[in-house]
Amino acid sequence: FLFLLLQSPFRVFSSASPKWPKRRGTVQIPYIISYKYDKPSVKIIKEAFADFAKFTCIKFVPYSYQRDFISIMPMSGCFSSVGRTGGMQVVSLAPACLRRGKGVTLHELMHVVGFWHEHSRADRDKYISISWNEILTGFEINFMKSWNSNMLVNYDYSSVMHYGRYAFSMTGLPTITPISNPYVALGQRWNLSSSDIARVNKLYKCSLTLTKSGREELGAFCAVLTLKGSPGTQMDLCSKLLFPESPTESTTKENIMDFIPNELEPCPTEGEINISSSSPGTKPPETGQSARRPSRQMTSAPRAGTEELMGRTAMHDEGLRVS
């Protein structure tokens, strides 16, 4: 059930999205992958599935006549419903969504699991400011707050669910600005951050025993946080992920449509670490690169179906899709 208040960009939308069922400690989400994808694309999608299996109790399993399932298709743009909507629900991953690896797929699957964008959190005004006058007309809905946005952990600038600072800009100036540190990197499409992992495990009350590869990756992630002098809250998250406790629960809902990765913060170079610290106020490896202004070519209004799509919101009978 969805309420949308569109009269003002400053309004708030509210929703409630059913979670996927959990049985014997595991949440299984059935999937179908379109035959139109080539082998490298299928490999990228399955790499994203594997990350959820390594770090959470979420397992994406091949469809076998279950009532509720996701169907992953190469449609125009990158979008998904939020949470379990019932029956078949489409996840669109256009070829451009897979161009730079698994990051955008992880983003859309986080929507499937039940999460809105990080910058839509009800408490976001403590951490970011929105420049409403810079936003492309008609796209303000992408910046509306959601009261039910699963605020299970601290605000995370480096969440895979956070948009970049020039999202939907019509002038080339930032639409999202961090409050505590103007140079902090906003949004990444490389990995699930430590906060992303923690909030999934809290929402679904995962009693998680990490796989060997998952523990090794998480250990490397925490080592990077230590070297970068990350705040204690992030180290606490690492400890809780390695040694999880009994968590609390929250819910949310809807449907959403996203960015192609080259319109977000720049992807890391080969020399950069592929794991980013996920705490407010943490500087990126190269602050000058992450804070650069985009070229004017990026500011034209997006068109549905183009691979250089900055982002758009599509209204459908079943509700609002998010990207």
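Cβ atoms here come from the backbone N, Cα and C positions, even for glycine.
Annotated in TrEMBL:
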DOMAIN    11-207  domain 'Peptidase M12A'
BINDING   H107, H111, H117  Zn(2+) binding site
ACT_SITE  E108  active site
REGION    262-323  region 'Disordered'
COMPBIAS  274-300  compositional bias 'Polar residues'
COMPBIAS  305-323  compositional bias 'Basic and acidic residues'
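Across the binding-site residues listed here (H107, H111, H117), the residue whose Cβ sits among the most other Cβ atoms within 10 Å is H107.
Reduced to three states, the DSSP call for H107 (Zn(2+) binding site) is helix.
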